[in-house]
Structure formats: structure tokens, C-alpha cells
Amino acid sequence: MKTPWKVLLGLLAIAALVTVITVPVVLLTKGNDASTDSRRTYTLADYLKNTFRMKFYNLRWVSDHEYLYKQENNILLFNAEYGNSSIFLENSTFDEFGHSINDYSVSPDRQYILFEYNYVKQWRHSYTASYDIYDLNKRQLITEERIPNNTQWITWSSVGHKLAYVWNNDIYVKNEPNSPSQRITWTGKKDVIYNGITDWVYEEEVFSAYSALWWSPNSTFLAYAQFNDTEVPLIEYSFYSDESLQYPKTVKIPYPKAGAVNPTIKFFVVNISSLSPNINATSQQIVPPGSVLIGDHYLCDVTWVTEERISLQWLRRIQNYSIMDICDYDRSTGRWISSVGRQHIEISTTGWVGRFRPAEPHFTSDGNSFYKIISNEEGYKHICHFQTDKRNCTFITKGAWEVIGIEALTSDYLYYISNEYKGMPGARNLYKIQLNDYTKVTCLSCELNPDRCQYYSVSFSQEAKYYQLRCSGPGLPLYTLHNSNNDKELRVLENNSDLDQVLQDVQMPSKKLDFIHLHGTKFWYQMILPPHFDKSKKYPLLLEVYAGPCSQKADAIFRLNWATYLASTENIIVASFDGRGSGYQGDKIMHAINRRLGTFEVEDQIEATRQFSKMGFVDDKRIAIWGWSYGGYVTSMVLGAGSGVFKCGIAVAPVSKWEYYDSVYTERYMGLPTPEDNLDSYRNSTVMSRAENFKQVEYLLIHGTADDNVHFQQSAQISKALVDAGVDFQSMWYTDEDHGIASSTAHQHIYTHMSHFLKQCFSLL
């Protein structure tokens, strides 16, 4: 039997309060202070070895009432309404396969399964793999006309069991899994022409995906993009591999930096139903509208509306202008026709379009109207209803909060995630709005479990009859299944009760989510507070920063990470702050750093920390800052500001000069590095220009030598500037590690090294 105070501590472990937290009363009761609490802390080893594992429930919808879920290596088919299941594929199938299966994919008609193995990672999303097709009716692998090894991407058709795949940068289609492949494109060339897959910059910054293939709803057509990197400059770096390699390999990637030549883009649609073994496919090109074709441009969204209507969104290189082009198929000519009357322009006068790109449209079933998230007159992202043949739209949501995403659209309701509830930007809840009366809005998640759950995502069945709610915090993750007819909970899928039980025997930190005022505006922060936090004591503080455009660090998500260790074992407060430039609070805040990266977002981190140091429980002689990527840049700019607020800091894989970073990301916020545009802001925002001020702080600079994203060049130039300025600093590189420094040994090493540096800075050794 649990003692009452232990029960409450267990609740604290799963529900770090996401309100203004003072010292929880439970921690002040008899027998519950640091001197008498014999429970263990959450250690660095716990984080590195993932001792305490959160459970997830990753289902895959295969109809409007059924989903697949992998359990004990069996693939089970569940009925959503009743919860009963049957074995869809036995674990013995995997055991007999002879390869280590990385993933699987079931054809829409459930006749075949695609097994993925020999997975080889390339960049953030891209990889190559081998594939075999399993016939579910015959319960055997298909051995004829197999998919080639090192396939770059593969996808089932929307219906039936056709396959489209990319190999050696060209597209192939199989009408039947055991039929010969038909080649769709013939122009593919490594690192030059990409058909059906993205090049580096489109993968990283535009589509956040490797695939550039889109099946039509009934699989009559296959749309694809072609990227031409012929003129794109190459980034080159050494890859050292194992010590037996006498000369390092040289990795070369077409990588457009700010102001450099960009890839060009073409878009095609091919009629798959017209394919025959003796006739090569004819692809019809859809040319962008003239308003973007006149200069450099991007394809940023592809959405099939109906079987014979497709929506494309194009973006100018200066990303404050986008245009949606809705094209119809002309059966008489076999061409796709664009009409000015079906084009929709989106312009930003204060920054850039969308959060990172224009939002995707959600079309009604007849294809004659759509809903899309755009900025309203007040600068908040809300849902607007468009007719396809009219320019103006009607906003169906409003307020000083933002819609995060549209999740489902039926004939009666639109479902969306927003941060409206209680005015907390770092929360997420599911809402539905009645389409025949926009005043009828219901929050489906706000009051379900408000202490434990304030940050939700959702997964809908194919026609939105059922949905899975995924609660990510502030308590332990919780997965539940609901019927959309009445929105009642059908069952709990995973509640992490085992982890809850284990964490009751661990001294866990608590989480504070609150706001301060800067420049007359409310800005949010979070603090991970040590166990038995006592506001009358003084604690060292680590500011964990990202601070990139549209970022958010103060949120209601439960995490077990490095900060958990630092707070639990080392009694360090770990804080994060969302200042100017951060997202989900309106364009006024987000666009404040437009064309001036390295300014306000840096200043606000310093000023927020000054306010933290005045709260009475922060030791102002022991304040540090750390960040990764953009966070490494802001860390370095903060330390180089000479504010006197910070004693030390750690920058991992930082940007140091925006002219070194990729064109799509950088120019979105900074424009072009030319005298006619914004060269002065580029030159005034480098870390190197602040080298002299690093004499006042302790600095640890870390980078992976095979970082394809933020190149080692960035840290090399910081190092050179610091050496030239006579600054004593520490540095660590990780051989052949990319931007994530995620290999098992490197991951353990970097966090051990950073922990030692921080403890030394705070005199905790």
C-alpha cells in the first residue's frame, strides 16, 4: 500500500503542472523534504541508456473503422468500435523472412505487404533500402520481377496495389506486384537530375520529405516533380570512415547557399491507365503561373482535389508571395489546364508566407471549395474558407490565438488543433467546428484530463469516423480512441501506467510554465525545477535555447531528457524562453525578426535571463546557456554580446554566418545577401564579429565533421576568429557525425562531455 505522500509524488511525476507553479504543497508535508527523501534521482546514465521508456501506440488506419498495430512482432487488425483484434500477419512470417525488417506497408486493398530491409540512411528524411512483396492470399513472397536493391523511394497507389518507385533517380511503375516495371522517366542522374525524389534543399526545407510522387485519389494519374541541380554549387567535406582508409572519402552535395544558384523545378503528371508494355509513358508538364515563372521559384505544395483536378502552390524565391494554381484535366487533349479564375494569391507584407511555407488546402468532396490556414488582418493564423473560383475568403475562426493545423474535413465538421484554450501558446487541443454554423465550435479534448493532458495531436480514420487522441503532456503520454459521432472515449490504448509506477520511486523535477513581459508584450517561458524546489534557495540556471523563427520551447510536453537529469541530480534549473521571432502567437511576434536574424531573438534571451535572475531563487553568478543548430547560433551570439549575464555556454553545430547556410531557409527570413537587398544584415549578424567578447565567458564549441546541414565550416570559422582574437575556449569535434551527432557512442560522449563542462562551470565537481 502506498503512503499518501508517495501517491501524490507519483502524480507529480506524471503531471508536472502547466500553470504558474509555486512550491507544491505536497513537497512541504512531513517526511517529504530533501533530507528524508531516500529515493534515487534521474541520472545521466538513465538518460543515455533510456532506462525509463515511454510507451507509444502507433496505429495505422486501413479503413474507416479498422487499424493495424504491431504487438509482439505480430501485426494485428483491430476493430475500432469494439476493440477486438485478429492476427493480420504472424510474427513467424518475419522470423522466416531471412532479413531484419525495418518497416512494412500494406497495399490499400490488403492483398500485399511490402517489406523494407537493408535500410541505409542518407540525409534527414532520405534513405535507400531493399524491398520484397508478400502475397497475403498465397502467404508467400513474390520472387519474380523483384524491386531493385538500393531503391530510393517506393509507394503503393491510393487504391488497389500498383507501385511507383524511384531507382537511380528515375521513376518506375508496376501495375501488378509480379509484373515487369515500366519506366516513366529517363533523365535521372546522380546529384544532377532528380525525378520523383527531392534534392537536398527541397528535402530539408520545402517538403520535409524525400518523396516527390503523388498518386491521384483513384490512381489513374501519377504526379511527380523533377529537380535539376546542374548549376547548384557543391559543398564538399571529408568522410574519414574506418582507420584502414588511407585517403578520406570526399562527400559532394549540391547545396545552394544564400544567394547562390538554386535548383530548377518542373512538374509533370502521367496517365498510368494508358501505360502498356510497348508504349513509353508520356508525361504532361504543368507550367507555373507567370507571376512566379518570371524569376526563381519553388514548388511548395501538391494536393489532389479530385481524380481530374490538382492544386499546386508555387512560391517566389523571395518568399512573401505565393500562388495556388488549381488545374483541371482536359480529356480531349490529355492536358492539364490552368485558369486565372482558379488562382489564389497569398502575400505577406510583414514577413514571409505561412509559418515555414504556405499551408496546405483542405478541399471539400466536390472540389469546389477549400479551407486553408492563412494570416488574418490581425496577423494570427486562422482558417479561411475559399471558393475555388473566387478570390475572397471567409474566416471561420478568429481570436488572439492560432490554429496549428486542419486535421480532418467531413460534410458536417472541420476538425483542427489550436492553442486557444486558456490563452496558452504552448498547449494544443482538438476542436471541431460545424460547417453550417461557424459559431458552433466544440473543444473535444480541453476537459478530458486537464491536469495530465494539455498537448494533443490526433490521427483520424480514413473517413473520420474514429480518431486516436495522443496526449504528450504535461503528464505521461496517454493514447485514447474516440468515436466522432458522439466524441466519446471508446477505450484507453496506452496510459504508461508501468512507467508511472516506476517513476514514483524517482525524485523527478517539476515543470513551470509561465510568462513575463518584455517591451509591453507577454512572452512565455518554462522552467524545469529540481525536486524539493525551495524558492528561498539559490540555484544555478541553464538557459536551453533555440529561438529560430516560428520556434517554440515553452510548451506542455512531458520529456525525459538531459534537462531531467540536470534538474533531478545536479539541482540545476533548466529554463527556456520564447521571445520575438517565436511562433504560434501571431505575426507581430514572429515577424519581428524579419530581415534581421541575430538581433531581437538574441537580445530577448539576455533580457529574459536578467528577469529570471531577479526572481530570488537563481544564483546570478552561475548562469549558463546552451543550444543546438539555430540554438547554437543564438548561444554564441548571446555569449558574444558581452552582457555579463552568462558565465559559460555550449554551442553545438551552430550557424556562424548566414551566407554559409542554405538558400531556402536563410532567404525566407533575410532576403538576398546583395547590396541591393539585405547584405548589411548578413554582415552584421555573424558570430565571428563578436569574437573579442568571448574573453569574458567560458565557451564550448562542438560540431560533427560530416554535418550535411550546418557545415563544419561554420564552427571552423568561429574557431579561427576566436584564435585570432586570443580567446581561450574549448572545442570538440565528432568524426563522421552529421547534424544530429546521434550514433550511440557519440551521443553518450557529447552529453557526458557537456555535463562535465557545465558542472565545472557551476563548481559542482
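Glycine too: its Cβ is placed from the backbone N, Cα and C atoms.
From a predicted model like this one, the values you see are computed outputs, not experimental measurements.
What Swiss-Prot records for 1-6 is topological domain 'Cytoplasmic', and it gives sequence analysis as the kind of evidence. Look at Swiss-Prot and you will find 7-29 tagged as transmembrane segment. Annotation comment: Swiss-Prot describes 30-765 as topological domain 'Extracellular', evidence class sequence analysis. Residues or ranges marked as N-linked glycosylation site in Swiss-Prot: ASN84, ASN91, ASN149, ASN218, ASN228, ASN271, ASN280, ASN320, ASN392, ASN495, ASN684. Annotation comment: Swiss-Prot describes CYS384-CYS393, CYS443-CYS446, CYS453-CYS471, CYS648-CYS761 as disulfide bond, evidence class similarity to another entry. Residues or ranges marked as active site, charge relay system by Swiss-Prot on the basis of sequence analysis: SER629, ASP707, HIS739.
Predicted-model confidence for the topological domain 'Cytoplasmic' (1-6) is 38, expressed as mean pLDDT.
Taking CA atoms as the reference points, ASN91 (N-linked glycosylation site) and SER629 (active site, charge relay system) are 41 Å apart. Take the recorded positions ASN218, ASN392, ASN495, SER629: by the count of other Cβ atoms within 10 Å of each Cβ, the lowest one is ASN392. Taking Cβ-Cβ distances under 8 Å and a sequence gap of 6 or more within the same chain, the neighbours of CYS648 (disulfide bond) are ALA624, VAL697, GLU698, TYR699, LEU700, PHE757, LEU758, CYS761. By a simple count of nearby Cβ atoms, those within 10 Å, the most crowded of the disulfide-bonded residues CYS446, CYS471 is CYS471. Among the recorded positions ASN280, CYS393, CYS471, SER629, HIS739, the ones whose Cα sits within 10 Å of the Cα of ASP707 (active site, charge relay system) are HIS739. Take the Cα of SER629 (active site, charge relay system) and measure to each of the recorded positions ASN84, ASN228, ASN280, CYS446: the nearest one is ASN228. Considering other CB atoms within 10 Å as the measure, the emptiest surroundings among the glycosylation sites ASN84, ASN91, ASN149, ASN271, ASN280 are those of ASN84. Neighbour counts of Cβ atoms within 10 Å were compared across the disulfide-bonded residues CYS384, CYS393, CYS443, CYS761; the minimum falls on CYS443. Of all the recorded positions given, namely ASN320, CYS384, ASN495, those whose Cα is no farther than the 10 Å limit from the Cα of ASN392 (N-linked glycosylation site) are CYS384.
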